[in-house]
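Here's the structure, in structure tokens; my notes come after.
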Amino acid sequence: MKTITELKRMKTEGSKIVMMTAYDYPTAAFAEKSDVDLLLVGDSLGMVVLGYPSTVYVTSEDMIHHGKAVRRGARDTFLVVDLPFGTFRGSQDRILTEAIRVFQETGADALKVEGADEVLDTIQLLTSTGIPVVAHLGLLPQSASVIGGYKVQGKTADAARKLLDDAKLCEQAGACMIVVECIPHQLTAQLAAAVSIPVIGIGAGAEADGQVLVFHDLVKYGDHRLPKFAESFSDAGAVIQDGIRSYTNAVRTGTFPGKQHHFTMKEEELMNLYGGGSQ
Ligand SMILES: Nc1nc(=O)c2c([nH]1)NC[C@@H]1CN(c3ccc(C(=O)N[C@@H](CCC(=O)O)C(=O)O)cc3)CN21
Ligand SMILES: CC(C)C(=O)C(=O)O
Ligand SMILES: [Mg+2]
């Protein structure tokens, strides 16, 4: 497993860090086999797996349920789990109780929280408790209703300056990594240079220290529209559709099940059955 120290060295050496989301056991196992550096159990699971219209309906129970499955599939990959909407605000007691529960029950290596400002205290609190924290800046899906949708962030000099300040403050608060979402690529370059912790981008250009993509986007699994920044590297949706169509066809035309799928009763038992069985 890549440790934080190794991920930091990758940043310095300029070797790109590969991260993807996973929400279940087989996907996690595939990712580990494919030598993915970091796995994220994103709260995006609410949208791509559970069918909610946004991530705000996701609960800690959801994150724990999927986090445990991913951990079982990838025991040797650095695992980040999102803290869902509303769980890292409020009293320190409440935040700690929630975070400790998710951290312990999933066996995650780090937890991710969206935002800076008031969230900086959370980053500090969790880090000082012994929970590594990944910060998340730029487009914050949990605040989409406030921002007015999924829009590119940091496009003006003022907004960019604020994001640069936030990134430094997240590092100072103890964050071990930063995910930046939907920001101009030039700003990503500046951000990555401004902090010594890895900056992982999504919709943030090639200048980030690494990239993260949602699993369902990168293999095209589902009927959702791909965000503009996403790329699908295979067409799992089409393969799955084909498979299901072939299955329905085979059942209806009688080609499945075939002889090779049959279980067979011994001839002698069959005779007993026809003959009325034991007398
Ligand atoms: N399938 C999926 N992929 C993701 O990357 C993802 C989710 N879901 N759900 C949670 C968040 C939300 N994300 C999103 C979703 C959509 C856009 C999007 O549609 N953006 C516009 C650009 C907006 C602009 O130009 O200002 C686009 O056209 O892609 C961006 C981020 C990223 N995350
Ligand atoms: C888009 C990534 C960074 C995320 O937070 C998620 O998948 O929930
Ligand atoms: Mg998320």
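Note that Cβ sites are derived from N, Cα and C of the backbone, with glycine treated the same way.
No curator has checked TrEMBL annotations; they are predicted automatically.
For D43, D82, E114, the entry in TrEMBL reads Mg(2+) binding site. Classification of D43 (Mg(2+) binding site) by DSSP places it in coil, neither helical nor stranded.
Annotated 3-methyl-2-oxobutanoate binding site per TrEMBL: D43, S44, D82, K112, in sequence order. D82 (Mg(2+) binding site) falls within a strand when secondary structure is assigned with DSSP. Within its own chain, D82 (Mg(2+) binding site) has L40, V41, G42, D43, V58, M63, L111, K112 as residues 6 or more apart in sequence whose C-beta sits under 8 angstroms from its own.
The active site, proton acceptor feature in TrEMBL is assigned to E181. A sphere of 10 angstroms centred on the C-beta of E181 (active site, proton acceptor) encloses 22 other C-beta atoms. E181 (active site, proton acceptor) carries a strand DSSP state (E or B).
Counting neighbouring Cβ atoms within 10 Å of each of the binding-site residues (D43, E114), the lowest count belongs to E114. Long-range Cβ contacts of S44 (3-methyl-2-oxobutanoate binding site) within its own chain (separation 6+, distance under 8 Å): T21, T55, P141, V214. Residues T21, L40, V41, G42, L45, T55, V58, M63, V81, L83, P84, E114, H136, P141 surround the recorded 3-methyl-2-oxobutanoate site, their Cβ atoms falling within 8 Å of the Cβ centroid of D43, S44, D82, K112, which are themselves excluded.
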